[in-house]
2 protein chains.
Amino acid sequence: MYRYKITFAYDGANFSGFQIQPHKRTVEQTLKNAVNKIAKHPDPPIPVIGSGRTDAGVHALNQVAHFDLPYHLSNESMRKALNSLLPLDILVKKAELVSNDFHARYSAHRKTYRYRVDQGEFVNPFKRNYTAHFKYPVDVDKMREAARDFIGEHDFTSFVASGSQAKSNIRTIYDVQIHRDPAQNEVVFEFTGNGFLYNQIRIMVAFLLEVGSGQRPVSDVKRVLAAKDRTQARMTAPASGLYLVSVDYGKDAERN
Amino acid sequence: MYRYKITFAYDGANFSGFQIQPHKRTVEQTLKNAVNKIAKHPDPPIPVIGSGRTDAGVHALNQVAHFDLPYHLSNESMRKALNSLLPLDILVKKAELVSNDFHARYSAHRKTYRYRVDQGEFVNPFKRNYTAHFKYPVDVDKMREAARDFIGEHDFTSFVASGSQAKSNIRTIYDVQIHRDPAQNEVVFEFTGNGFLYNQIRIMVAFLLEVGSGQRPVSDVKRVLAAKDRTQARMTAPASGLYLVSVDYGKDAERN
């Protein structure tokens with residue numbers, strides 16, 4: 001068997017998330033259809049393993065998945081074959097033959113997510129699916145100060161949605177960057193960590209916006225982390241602003 | 001009766017164009033529903049008159065329409081009432097009480113359209129509904145030179161789609177601007193004229209891209225205009241790249 005790693009972007013607006021669900025249009029199902037068409041519909045069908053799920057409406061700039069094919073195709077032929085079969089809201093940017101011990105989910109070392117918040121007075125019709133909308137002024141320095149308390153290894157029980165199936169809520173955040181994009185009239189957040197819990201980034205962003213708009217003190221991140229109580233963080237920012245930017249793997253994962 | 005002029009933006013991706021059609025989601029129908037809800041569903045319903053149609057998938061940054069209401073609302077109340085009833089892919093930016101002789105279509109003096117062409121190697125999933133995709137290098141100077149021949153009063157028979165219901169194909173183009181947007185990796189066209197025929201801008205853009213990529217000589221605009229033969233221009237650029245930017249009216253149209 002030949003294992004392929006693919007790196008791909010998708011516009012999440014018209015997908016019911018990554019994970020396969022009956023009678024729904026999902027990223028995983030759409031990729032699986034294309035891979036199995038290339039493989040001439042083997043029985044059982046070839047599964048496609050993503051680095052992780054994204055929710056309905058969440059986007060990806062460089063999501064990663066792997067699958068095994070019974071025969072060899074060049075990287076470029078694989079990329080072209082997939083793109084010729086995929087709808088325009090998924091683009092395979094790279095396909096690579098990798099060693100059989102590469103695993104899109106288990107080999108992932110770190111992930112980076114971006115969150116875009118539009119600060120316009122009204123919801124911009126062209127951004128409604130691509131940003132969150134928060135019209136109140138925010139103090140970026142305050143949010144940066146508060147965000148520093150997220151960095152490191154923490155129990156994120158206060159920042160996980162109730163549907164989470166994770167065994168442990170302990171995760172490590174390596175970096176949080178927050179900047180204004182004046183051209184777009186946006187505030188942009190970037191989080192890098194060894195993995196994120198269900199809705200964790202959306203809850204952290206909503207929390208930081210409350211800090212930035214003066215509804216919470218800067219010190220609240222520390223307090224609410226320590227409380228280990230989901231009801232303390234309250235809000236979840238919408239899916240539309242969230243982008244999976246990259247998934248990082250060890251260098252030894254690639255064969256070619 | 002009180003006549004209101006509204007200026008509004010829409011993302012055309014999920015509309016079957018501006019004009020009402022049975023069993024289709026159109027901009028006109030969506031606006032008409034909101035206006036008639038505000039007016040408490042009079043019989044017959046109040047019509048909404050747009051400055052002109054846009055095709056399925058075409059966007060607007062500042063489209064204009066008018067309608068008559070039997071009672072008075074302040075401009076700001078009207079804007080808010082409409083936005084509270086409209087879906088997020090239409091945004092009313094301005095509502096103005098105007099004199100009863102203002103007509104969104106007949107009072108329009110000039111219109112400006114923008115056309116965005118993405119030059120990336122592949123179709124960007126996030127731009128698929130908001131640009132056309134043309135990956136071949138284009139010479140902007142050549143396109144500018146060719147576009148100068150569009151300026152002025154011409155018979156645009158060679159640049160109108162076959163479904164046109166216009167009585168005359170004579171129109172005046174006041175200005176054509178073409179520039180590169182390096183940040184977006186796009187070439188952007190802007191056309192200002194006293195009105196445009198069915199698919200005229202999309203045909204002119206496809207034509208200019210053929211000039212810019214060396215498939216046609218710069219002198220071809222003049223030759224094809226003179227031919228008055230639609231088969232000469234061949235291609236039509238897709239709806240996704242087209243934006244109605246503004247509709248200009250005489251100053252005397254506003255009452256307040």
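Even glycines carry a Cβ here, placed using N, Cα and C.
Feature annotations, reproduced from TrEMBL:
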type	residues	note
ACT_SITE	B:D55	active site, nucleophile
BINDING	B:Y113	substrate binding site
DOMAIN	B:9-107	domain 'Pseudouridine synthase I TruA alpha/beta'
DOMAIN	B:146-249	domain 'Pseudouridine synthase I TruA alpha/beta'
What DSSP reports for the domain 'Pseudouridine synthase I TruA alpha/beta' (B:146-249) is 35 helix, 32 strand, 37 coil
One should report the C-alpha separation between the residue listed as 'substrate binding site' and B:D55 (active site, nucleophile), rounded to whole angstrom, as 13
Counted with DSSP (H/G/I as helix, E/B as strand, rest coil), the domain 'Pseudouridine synthase I TruA alpha/beta' (B:9-107) has 26 helix, 24 strand, 49 coil
For the domain 'Pseudouridine synthase I TruA alpha/beta' (B:9-107), the averaged pLDDT of the predicted model is 97
